[in-house]
Amino acid sequence: MEELTKSTGWNTEVLTSFSVHDKICEPHHDVYALYISLFLCVGLVVSYLPQHYRIISNKTSEGFSAWFLLLGVVSATSSFLNIILLQWDAITCCSMLSTGSCLESLMGVFQIGLQWFMFCIIFALFLLYFPEELKHAPHKPSSLHLDLPRGVERSAEWKISLGIAVTCVVHLVASVIVTAVLLKVVGGPEHYATNLWASILGILSMILAAFQYLPQIWKTWHRKTVGALSIPMMLLQTPGSALFVYSIATRPGTNWTAWITYMVTGILQGTLLVMCIAWHYRSKRLGIDEIHSTEEDEPSERTALLNASE
């Protein structure tokens, strides 16, 4: 070691850093974890397709809570950047590994990235297929504007939805900039500042995920109809949450902040699923349009019985 140091001019600290980097870049092959990850990636795409199809085929996103989508997008973005930071060493090691080993080591990043992308598509479809009749507030005549046509003013719900879209974009851009600057200037997760930012993103994602489904659960309960929500999507995703958590937790370099989000989300999604199934069969029993109906438009069960008796 001394001769090598003298002949090359490198000190022992540099050589030690190279040896540590080589050790980090050693491929970790876990065939079971790999198959689970591949299965989950395919399952993620398949599970989201019924929701995308339901919105597009019915040409409406009625029944979705904009606050649910805000919390979901920001949480998914934070979680995606969190695992990129935590697995930055694995990402930089790809140049030293074969293509197969590289892809295997980054399956956790692909999974969460895919989850983020598929959920963002739902948000985009929510805005694209937002009910036209709900975009405009009915005009209330006043002494100053008696000649204004009806429906020219944006509704409060549509204003909130547009504001939420701007918030999601601003959060994405700001978070990406901070992450890129830390990785470029400070370094990977072994540095305190980078690890702290990763933990902040992970904890933020966890907190938002804990509250994400509450606005949607409240809105679905209040409407007493399924709306544009897809029951098949939730039937596929809720059981898959346990496998997803296991797959992320077994990835090298990750900690609890990377997978706790999906455990909390799975529990809350299961609650929404049970509610949607109950409202689905209620709508069928009462002959209600489960997408467009609201609580005010629906007949009560007593009214339905009276109509049947007539």
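Quick reminder: no glycine exception, Cβ is built from N, Cα and C everywhere.
Whatever TrEMBL says is automated annotation, not expert-curated.
Annotated transmembrane segment per TrEMBL: 32-51 (among others), in sequence order. Sequence-distant neighbours of the transmembrane segment (32-51) (same chain, 6+ residues past either end, Cβ-Cβ under 8 Å): 104, 107-108, 110-111, 114-115, 118-119, 121-122, 229-230, 232-233, 236-237, 240, 243-244, 246-247, 250-251.
Within its own chain, the transmembrane segment (63-88) is flanked in space by residues 105-106, 108-109, 112-113, 115-116, 119-120, 122-123, 126, 157, 160-161, 164, 167-168, 171-172, 175-176, 179, 182-183, 188-189, 194-195, 197-198, 201-202, 204-205, 208-209, 211-213, 215-216, 218-220, 223, 225-229, 248, 251-255, 257-258, 261, 291, which lie at least six positions past its ends and keep a Cβ under 8 Å from the stretch. The annotation transmembrane segment is assigned in TrEMBL to 63-88 (among others).
Feature annotation from TrEMBL assigns transmembrane segment to 108-130 (among others).
Taken from TrEMBL, the feature transmembrane segment covers 160-183 (among others).
The transmembrane segment feature in TrEMBL is assigned to 195-214 (among others).
Tertiary proximity for the transmembrane segment (226-248) is limited to same-chain residues at least six positions away from its ends with a CB under 8 Å from its CB atoms, namely 33, 36-37, 39-40, 43-44, 46-51, 53-55, 58, 60-64, 83, 107-108, 111-112, 129, 216, 220, 254, 258-259, 262-263, 265-267, 269-270, 272-273, 276-277, 279-280, 283, 290-291. Taken from TrEMBL, the feature transmembrane segment applies to 226-248 (among others).
Per TrEMBL, transmembrane segment is recorded for 260-281 (among others). Below 8 angstroms of C-beta separation, residues 75, 79, 202, 205-206, 209-210, 212-214, 216-217, 220-221, 223-226, 229, 231, 234-235, 237-238, 241-242, 244-245, 248, 290 of the same chain, each at least six residues beyond the ends of the transmembrane segment (260-281), sit close to that stretch.
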Same-chain residues near the transmembrane segment (108-130), Cβ under 8 Å, at least 6 residues beyond its ends: 37, 40-41, 44-45, 48, 51-52, 55-56, 59-61, 64, 66, 69, 72-73, 76-77, 79-80, 83-84, 87, 90-91, 158, 161-162, 165, 168, 228, 244, 247-248, 251, 254, 258
Long-range Cβ neighbours of the transmembrane segment (160-183) (under 8 Å; 6 or more residues past either end): 66-67, 69-70, 73-74, 77-78, 81, 84-85, 88, 123, 126-127, 130, 154, 193-194, 197, 201
